[in-house]
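A quick write-up on the structure given underneath.
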Amino acid sequence: MFGTLALVGATGAVGRIMVGLLEQRPDLARKYKFLASARSVGTKITFKGVEHTIELLEPAAFQGVDLVIASTPDEVAAEFLPAAVAAGCKVIDESGYFRMNPDVALVIPEVNPQAALDAKGIIASPNCSTTQMVVALKPLHDFAKVKRVVVSTYQAVSGAGVQGIDDLIGATRATLEHEKYEQKAFKSPIAFNAIPQIGGFKENGYTSEELKMVYETRKIMGDESIQVCPTCVRIPVANCHSETILVETERHISVEKAKELFSSFPGITVIDTPEHGGYPMPHSCTGSDQVFVGRIRQDLSHPNGLSFWCVSDNLRKGAATNAIQIAELLASRV
Ligand code: 2RA
């Protein structure tokens, strides 16, 4: 168990879930403190029946802290987390800022736990769309080596934070009532639409969100040869990202074998009785910490191809839960 744990960004969409997870799960630390930018300083949080006051996020706040778990925008992570490392803290970062830094471990506990245990500085938690895909790919990779992945995402608005959810509700209501609504999180209409852009476009025509799926996957799997062709799409669903994943492996994997591999891997739940409506959907997967797979079938266009559907709660396993699982892994070795 750690002495003091500091949670940074407790009032955000992911931070709130982290607070709930820390309350429900066995204690990771003897003492907890909550840090945030000036806007939230003074806000009261009741945690395990005790009222805490949110303190200012500043370098001095890391003195005496053993573990920092941070869920902040990239620029806040860049400004403050190096000070936490300098103060001797273990740091788990939800932001995207440090993920591809060669000195930073990028960890999914079910996939590459050793990287967290070996880490000297910051441990980053991957992007949500990457996390659920890599959890699903890992048992296939261990059995038959993944060569190539073609993935399309159907991403929930909660990935864009509280404003994303506000936009979905506000824009849907306004559309139905023929009124105007000023969206804050999305440039294109989110109500009754699908937006084939998440993040900014890069020179090669892919978006930043899509390139995260390429580079983060290789780093977590420790295999630079894995080829990934992603298309990321925002859809008007409140929570849970869905993905169609077509994977080509070195060796053939039968559907039965794939079901066995998925079912015996920690963190994956198979729901695959499609003739009875048995497949994962955002509506039924929200609030779970699992990665769900279904619609598992042979690729009709390639003998070593497997196609499946994957759904996971992007705020939980895609963010908060993954970070807390990393913290639990570290705490088990303290
Ligand atoms: C999104 N993946 O869904 C992002 C959040 N990190 O917008």
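Glycine residues also receive a Cβ, built from the backbone N, Cα and C atoms like all the rest.
Take the NADP(+) site that TrEMBL assigns to Thr11, Gly12, Ala13, Val14, Arg39, Ser40, Ser158, Gly159: the candidate from Asn314, Asn322 listed for it is Asn314. With a cut-off of under 6 Å between the Cβ and any atom of ligand 1, the binding-site residues Ala13, Arg39, Gln155, Arg234 reduce to Gln155. Within 10 Å (C-alpha to C-alpha) of Gln155 (substrate binding site) lie the following recorded positions from Ala13, Arg39, Arg99, His241, Asn314: His241, Asn314. With all protein chains in the displayed structure included, the most crowded Cβ environment within 10 Å among the binding-site residues Thr11, Gln155, Ser158, Asn314 is that of Asn314. The average per-residue pLDDT of the prediction over the domain 'Semialdehyde dehydrogenase NAD-binding' (4-119) is 95, rounded to a whole number. Secondary structure of the domain 'Semialdehyde dehydrogenase NAD-binding' (4-119) per DSSP (helix as H, G, I; strand as E, B; remaining residues coil): 38 helix, 33 strand, 45 coil.
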